[in-house]
Amino acid sequence: MSDEDHDFSHQGGGDNASKTYPLPAGALKKGGYVCINGRPCKVIDLSVSKTGKHGHAKVSIVATDIFTGNRLEDQAPSTHNVEVPFVKTFTYSVLDIQPNEDPSLPSHLSLMDDEGESREDLDMPPDVALATQIKEQFDSGKEVLVVVVSAMGTEQVLQTKNAAEK
């Protein structure tokens with residue numbers, strides 16, 4: 001399920017808002033999202049076994065954690081509900097990169113959205129190659145756009161974008 005397949009308007013707000021919603025396992029689609037072991041994951045493969053003597057077809061799910069990239073697998077009867085995370089993506093311009101006082105910790109990012117709202121609560125991504133790419137683009141004076149993904153109470157920079165792709 002792509003983001004276009006979901007209506008996120010019923011999510012609600014605040015800390016008490018649900019971070020997931022139920023969906024029958026048989027309705028999952030490749031490219032959609034699912035929670036496995038309490039982690040938000042993107043489905044990379046699905047297979048459905050035939051109905052057995054106990055009456056339920058089983059859905060085998062192979063997915064990757066959207067924040068760590070770890071591969072996870074799960075199975076569920078096709079008629080049973082699985083938890084699907086609300087996943088939102090945002091694009092921000094990088095205004096500044098501030099080194100952390102502790103060099104063993106990631107630098108902080110100053111970001112601005114399309115409406116001019118700024119935020120300074122995100123760190124550089126843990127992916128060293130991505131963090132290096134952001135820093136090099138920023139240091140060269142180019143406009144750096146980052147894509148932030150939010151799911152299940154976690155937000156993280158997952159990629160960069162060219163300003164022309166905005």
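Heads up, the Cβ atoms here are built off N, Cα and C, so glycines get one too.
Sequence annotations record features per position, and here Swiss-Prot assigns compositional bias 'Acidic residues' to 112-121. Residues annotated as hypusine in Swiss-Prot, with experimental evidence given as evidence: Lys53. The region 'Disordered' annotation in Swiss-Prot covers 1-21, 101-121.
Cβ atoms under 8 Å from those of the region 'Disordered' (101-121) belong to residues 90-95, 131, 135, 146, 148, 157 of the same chain, restricted to positions at least 6 beyond its ends. Across the compositional bias 'Acidic residues' (112-121), the DSSP tally of helix, strand and coil residues reads 0 helix, 5 strand, 5 coil.
Secondary structure from DSSP puts the residue listed as 'hypusine' in coil.
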